[in-house]
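In TrEMBL this protein carries:
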- Cys172-Cys179: disulfide bond (DISULFID)
- Cys259-Cys264: disulfide bond (DISULFID)
- 50-288: domain 'G-protein coupled receptors family 1 profile' (DOMAIN)
- 313-338: region 'Disordered' (REGION)
- 34-56: transmembrane segment (TRANSMEM)
- 68-91: transmembrane segment (TRANSMEM)
- 111-128: transmembrane segment (TRANSMEM)
- 149-170: transmembrane segment (TRANSMEM)
- 190-209: transmembrane segment (TRANSMEM)
- 230-255: transmembrane segment (TRANSMEM)
Amino acid sequence: MGSIYKEYFNTEKIREHYNYTKEGSESSPTTSRWVVSILIVVLCCFIVLENLLVLISVCRNKKFHSAMYIFIGNLAFSDLLAGLAFMANILLSGATTFNLTPVQWFVREGTAFATLAASVFSLLAIAIERHVAITKVKVYSSDKNCRMVLLIGACWVIAAAIGSLPIMGWNCMSDLRDCSTVLPLYSKRYVLFVITIFTLILLTIVGLYSRIYCIVRSSHAEIATAQTLALLKTVTIVLGAFIVCWLPAFIILLMDASCPVRACRILYKANYFFAFATLNSAANPPKWGGGDTSFLPCRRRRCVAGSQASLLAEPDAGPDVHPPRSGSPRLGDLGAVP
C-alpha cells in the first residue's frame, strides 16, 4: 500500500493511465473542444453568480431566516461550489492534465464529485424535511434546529466521503485493467458504486415525494384541490429536471463500468455529458422560483433567485387559510413542499 501512495507524486503515472485508456487523446485538443470548454466555463460562471445571489438573498433578508430557506441556501451553496469545481476541472483538463501529479488529479476530480454529490444530497435533504413537516404536525419546535443541522451536516460529510474515496486508496493505480475510461485513475468498481448511490438517492426522492403527494390527495378536500395541483407541478419539475440532466451522465458511467478498454469511443466525449448534468445546478434556483416576488429578481431591492412562497412557507409562518379538521395535515405543512 505504501508503494501506491509513493506513486501519487509521479507525473508519469497520469500519462501512463491516459495512454492505456484513451490513447493519449487528451493531449491533442481540437478547435471544437476549445469552443465547448469556453461555453462550459461561461455556464459555470452563470451557475456561480446565480447561486451566489440566492445566498445573498437568504442571508440579507430576515424573512428567509427559517429552516426551509436555509435548506434552499445550502442547496445554492453546494451548486455554487459545483460550478467552481467544474470550472476548475475544465481549466485544468486537456494538455494541462499531464502536468498534474496523481494527487492533484484526485483533488481535481474528487472535488467535482463531492460538490455535485452535495447538490444531489441537498435535494434529498429537502425532500426528507418536507416529508417530516407533513407527517408530523407542529414538528417545528425544539428539534427543528437539531434536525436541520443533522441533515445539512450529513449532506456534506457523506459527499466529502464519496469524493475522497479514490485518493484514500479506492483507485486503479496498481491495476490498469480495473481503470475507468472516463476517469483513468478511478476504479470501475468505484464508478459503479457512485452510480448505485445516485440511483438510490433518486429512488428515495421519488418515494418521498410520492408519499407526500398521496398525503395531500387524501387530506381535507378544501386543502387538497389547490395544494395537489401545486405539489404535482413542483414535483414534476424537480424530478423531471434531475432525471433529464443526470440520465445521460448515468448512462455514460454505466457504459464506462461495463465496456472493455477503448471499446466504447463515446466515452471519450464524457465531459460533455457531465457538463449537461451540471445544468441541474443552474436549474435549481428557477425550479424553486414562483410566486414570492421578494425572492425573485427585482430592480429596487436587487433581490434575487427563487423559492416558491406557497410551497416553501414554514408550517408556523402564518395562519391557515382553512382551519384543519382533527387529524388533517395543516395547510402550512402541505404548502411547505418544494
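Numbers run from 1 along the shown chain.
Each residue, glycine too, has its Cβ placed from N, Cα and C.
In this structure the C-alpha atoms belonging to Cys259 (disulfide bond) and Cys179 (disulfide bond) are separated by 11 Å. Just so you know, of the disulfide-bonded residues Cys179, Cys264, the Cβ with the fewest other Cβ atoms around it within 10 Å is the one at Cys264. By neighbour count, meaning other C-beta atoms within 10 Å, the densest spot among the disulfide-bonded residues Cys172, Cys259 is Cys172. Confidence across the domain 'G-protein coupled receptors family 1 profile' (50-288), taken as the mean pLDDT and rounded to a whole number, stands at 84. With respect to their backbone Cα atoms, Cys264 (disulfide bond) and Cys172 (disulfide bond) stand 19 Å from each other.
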